[in-house]
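Lifted from TrEMBL, the feature list:
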type	residues	note
TRANSMEM	7-25	transmembrane segment
TRANSMEM	290-312	transmembrane segment
TRANSMEM	356-383	transmembrane segment
TRANSMEM	389-411	transmembrane segment
TRANSMEM	432-452	transmembrane segment
TRANSMEM	464-488	transmembrane segment
TRANSMEM	514-540	transmembrane segment
TRANSMEM	546-569	transmembrane segment
TRANSMEM	581-601	transmembrane segment
TRANSMEM	621-651	transmembrane segment
Amino acid sequence: MDYFSHLKIWILALSMIFQSVYGFYLPGSYPHKYNVGESLSVKVNSITSIDTEMPFSYYSLPFCQPAEGIKDSAENLGELLMGDRIENSPYRFKMHVNESEIFLCRTDPLSADNFKLLKERIDEMYQVNLILDNLPAIRYTKKDAYLLRWTGYPIGIKVQDAYYVFNHLKFTVLVHKYEEANMARVMGTGDGAEVIPTIGNGGSDIPGYMVVGFEVVPCNFMHNVQSVKNSKMYDKYPSPIKCDPTTVSMPIKENEPIVFTYEVTFEESDIKWPSRWDAYLKMEGSKVHWFSIMNSLMVITFLAGIVLVIFLRTVRRDLTRYEELDKEAQAQMNEELSGWKLVVGDVFRAPTNASLLCVMVGDGVQILGMAVVTILFAALGFMSPASRGTLITGMLLFYMILGIAAGYVAVRLWRTIGCGDHKGWMSVSWRSACFFPGIAFFILTMLNFLLWGSHSTGAIPISLFIILILLWFCISVPLTLIGGYFGAKAPHIEYPVRTNQIPREIPAQKYPSWLLVLGAGTLPFGTLFIELFFIMSSIWMGRVYYVFGFLLIVFILLVVVCAEVSLVLTYMHLCVEDWKWWWKSFFASGSVAIYIFLYSINYLVFDLKSLSGPVSATLYLGYSLLMVLAIMFATGTVGFLSSFWFVHYLFSSVKLD
């Protein structure tokens, strides 16, 4: 081949690569082409409320049911754990076919129980969540000239002493014409076109559309109950229906039925299919969000830089001063030791409850690794909001796989503390496999009893409990034991100095050391408290969290700050001849969990003011406690491992006799 032939091949290859990237979609997010007139099915999710935080099944209320019966959609593990119950609905559309005044059903007369339940759900601000082509229904409202976006629509509204159910829904489906990815048309014709494959169906002339938006306007209309007595589902309502969301006219009453109707309009939109989630992702004010995070990153990076510079200058000055002396001066200096050099014979003395420390560090490595991998995959787009439940499913999967890291770190640290002794490594492995999962299982079981008692869909079914236990003992525990085996076989870390038989007495301190440990958590907390607000809002206020790239940056910054804070605190304790640094280094950075828990209580009091009932508050505090424990294990592990490395490096750099 000549030069131009090679060049042509490279151009064609690059063109195919770029075209494949252009047509690449993440797992679970492929566009679906609908032909004109093709049936579209609307699904229903659990009804939810920020007032109680307890989801319930859509069909727990007297709503219309599909003619073919209620059927559960395929759900993954994450959806079940999040309380999602996606089921079919009676709402049916035809692509690009506008329909109005469609009769859905007339319910049975409301019993006393159903009437009371409807009033309770309206008082508790429950909302209906509909899904079309994986897009949640979105509702727009105006407030002070601002356009607000909400997912779902409320069940009804209370006006004075009367309760009104939204019995008519006005749907708007935004569609975009399906564009075939035809390589030959992009590249033109000629010799090159013959070797470029055509992607798609060859440019079919049959028009097709993709769903790029799903909007709903709920209304309350004065239906004539008797006029639809003999009507069937999807029949034409006998009179015109005007949807006015600003007025209500038909209150619900006991022993009277409810008539439901709907209408649907299709509108062609310029929104591209990859951009159809933008409306949901902009619901929380992205400008304020990005500005707050950037401001936090700049401030905390500046503070962490100051701490790091001061710390490095202090330690380096001590080491440089010692290394520049000759041997006689070093010997004389050894006789006049002060500060951290005095604890050379005790700095590596085994801490109290050494096995518990090893277990917590091992579990912390597992949680930390799970967080890193999950956030990284989410930042790359593999766990987008379009794929429900994948975030929770991924976290469980990564956590189980990283059990091998937990066992390895815990057992190797155990052997290091025991100076190479293999005794007890199996017990440490078992405890690593069961300690944090056991705590999580206990908390979730207690909370699940509350959800079971409330008949909430957030309750984990017995079958799922069995699956989780099987995953725990059949995957996580064996992998942790395997990691422990490799940790027992790996060489332990040799201490650079010998430990004296008699422990040195620690001088009395002016202030209790635990005050420093508790105060050390403020700086790591400062790195994430702004981001924490958005995370809490996504969990408890139903907002969509999507800026995983920023979360990854904040997480990395948090790890760096935790390491720095723990190093500084460990050095301060050694300088005052306090050689019990093991646990203090763990809790110096792990104490950030205390401030996060306090922030959670603050969020409950001031941001979730409408959270009603002791059950809802207990659920909130229980899940917050579980989150805080996981954060304490992860951040504490970062602090301990960095302090261990620092102490080992510090005493191996200075040759003390």
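Here the Cβ of each residue, glycine as well, is placed from N, Cα and C on the backbone.
TrEMBL labels come from automatic prediction, so no person has curated them.
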Contact call for the transmembrane segment (389-411) against the transmembrane segment (464-488), three or more Cβ pairs under 8 Å: yes
When you scan the chain for residues with a C-beta under 8 Å from the transmembrane segment (356-383), skipping those not six or more beyond its ends, what do you find? 26-27, 390-391, 394-395, 398-399, 402-403, 405-411, 413-414, 417, 428, 431-432, 435-436, 548-549, 551-552, 555, 559, 582-583, 586, 630, 633-638, 640-641
How about long-range neighbours of the transmembrane segment (621-651): same chain, 6 or more residues beyond its ends, C-beta under 8 Å? 315, 319, 340, 344, 347-348, 357, 360-361, 363-365, 367-368, 371, 436, 439-440, 443-444, 446-447, 493, 495-497, 524, 558-559, 562-563, 565-567, 570-571, 574, 581-582, 585-594, 596-597, 600-601, 604
Near the transmembrane segment (546-569), which residues from the same chain, at least 6 beyond its ends, have a CB less than 8 A from one of its CBs? 281, 289-290, 293, 296-297, 300-301, 304, 307-308, 311, 368, 371-372, 375-376, 378-379, 383-385, 516-517, 520-521, 523-524, 527-528, 531, 534-535, 584-586, 588-589, 592, 635, 638-640, 642-643, 646
